[in-house]
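This report refers to the structure that appears directly beneath it.
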Amino acid sequence: MNNQYILIIDFGSQYTKLVARRMKDIGAKFIISSWEIKKKELLKKNIKGILLSGSPMSVLDDKSPYVSKDILNMKVPILGICYGMHTLVKQLGGKVERKSVREFGYASIKILKNHSNLFYDNFEVSEKNYTKRQKVWMSHEDSVINIPKGFSIIASTKNCKYAAIFNKKNKFYGVQFHPEVTHSEKGYLILNRFVKNICNYTNVIKYSLSIRKIILKIKNKVNDEKVILGLSGGIDSFTSAILIHKAIGNNLFCICIDNGLLRNDEILKIKNLIKKVGKINVIYINHKKRFLKSLNGITDPEKKRKTIGNLFFKIFQEQADILKAKWLAQGTIYPDIIESSQNNLLKKDNFIKSHHNVCPLPKGIKLKILEPLKHLFKDEVKKIAKKIGIPKEIIFRHPFPGPGLAVRIIGEIKEEYCNILRMADEIFISELKSENLYFNISQAFSVLLPIKSVAVMGDMRKYEWVISLRAIETLDFMSANWANIPYKILNNVSNRIINEVRGISRVVYDISNKPPSTIEWE
């Protein structure tokens, strides 16, 4: 019983793995478990504390998940996060309601005088980690309106009286916000205090990303069989390619497909990048007409993603048959899986969006799947990429979705629309680079909207399309802020797009954060 663990109860939140990530940062061993786990399953584990995750569900739903009473009676500290706080409150006799005012994104919490150890506010010189107000990240519609007997308020916001609560006797805590998200400015410190000071967790370990272990795992899994990998030009597929190549050498074949939905001169750029990473087998294929034909008449974003994903798989299988390859490698990372996952306790419409590399394999696909990065976040992938010598322009190249421009053209896909968007996007990115802003922004791109707007050009009335610019700043792509690009630069981008791209009459800038908005529009 020397090993100590923090138990993370998963209610289907997209942030559950992010909670686990924070445990890794803190140095705590953890177990992620379904909410249906029973106490008897944990008898041989030294559980020092419990974290209850968020959820897309509501405790007001008839079939809302909850932990069993024997878990609540384990006599260890418990911290409920968002939904986790709601279910804790409801099970202990409090009340939760859906309020007319929702909170998504930043909120300022005021820490009250009757603080707990969770919000340590000793303001001596050596302990100024906390202030009486903190910025936190909210994502909720329901709110606690009555707390159970024995609980006190720790913090409030303008719209949420019970932003944080605690029961001193039982060491039960609840926070309405998400401390696991990097945008909660003191979130790490809150979780760190819960684990080390409240749970008295002492078995601190140092997690490390072992490249050698990843390569060895690939080698042992694949043996002497051939692997094909869809190379997109982004950091995820490039890092996967280098790791797999180190493991199996020339048994790796990278497939680079021009599907007509790529950025401007993308294939040429990929060829130039390949020269910088070494001798890797790359096969270039042009399937523009095939992809555009398959998307004819489709407007629903999920159907677009699945159509593209299925066609990718079919082409990979065709190439695998030619090469006699048994494996398909993908640069899937954990946020892809989170957005595509459907927990079995959830309704079907609670998943966020499908990713082409996380779709179920279509019929007729015989390939085995290899995903060396699937448990890693983007910042972890960047650390590995840097260690294995991948050039900076790949590491910090902005992500590009697998379905490409298809999810940046709202509505039906036409070659004409692709050309318009490609030109607008190239202008936006080139302006960011010329102003030395590109590498300071996590992701930037243009979106072609399915609406037209009136303009006057050369004394003539024009009724043409609208482009939306999107730029965000983020560490792990699980939450994001819109990038505060100077007006002068936005003005230059807008003028150039309207003057240089035929068919565009108006340019707008997207100032939505994640959550609630996803980074991509579709």
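Each Cβ is built from the backbone N, Cα and C atoms, and glycine gets one as well.
In the three-state DSSP reading, CYS82 (active site, nucleophile) counts as coil. Other Cβ atoms within 10 Å of the Cβ of CYS82 (active site, nucleophile) number 25 in total over all chains. Residues or ranges marked as active site, nucleophile in Swiss-Prot: CYS82.
Per Swiss-Prot, active site is recorded for HIS178 (among others), and the stated evidence type is sequence analysis. Long-range neighbours of HIS178 (active site) (same chain, six or more residues apart, CB within less than 8 Å of its CB): TYR15, GLY54, ILE81, CYS82, VAL136, TRP137, MET138, SER139, SER184, GLY187, SER479.
Residues annotated as active site in Swiss-Prot: GLU180 (among others). For the recorded site, GLU180 (active site), the DSSP three-state label reads coil.
Residues or ranges marked as ATP binding site in Swiss-Prot: SER232, GLY233, GLY234, ILE235, ASP236, SER237, PHE238. Close to SER237 (ATP binding site) in the fold, though at least 6 residues off in sequence, lie LEU229, GLY230, LEU231, GLN330, GLY331, each with a CB less than 8 Å from its CB.
Residues or ranges marked as domain 'Glutamine amidotransferase type-1' in Swiss-Prot (evidence: sequence analysis): 5-204.
The domain 'GMPS ATP-PPase' feature in Swiss-Prot is assigned to 205-397; the stated evidence is sequence analysis.
Classification of SER232 (ATP binding site) by DSSP places it in coil, neither helical nor stranded. SER237 (ATP binding site) falls within a helix when secondary structure is assigned with DSSP. Comparing ILE235 (ATP binding site) with GLU180 (active site), their Cα atoms are 25 Å apart once rounded. The Cβ centroid of SER232, GLY233, GLY234, ILE235, ASP236, SER237, PHE238 marks the ATP site; residues of that chain outside this set whose Cβ lies within 8 Å of it are LEU231, THR239, SER240, GLY331, ILE394, ARG397, PHE400, given in sequence order.
The separation of GLU180 (active site) from GLY233 (ATP binding site), Cα to Cα, is 30 Å.
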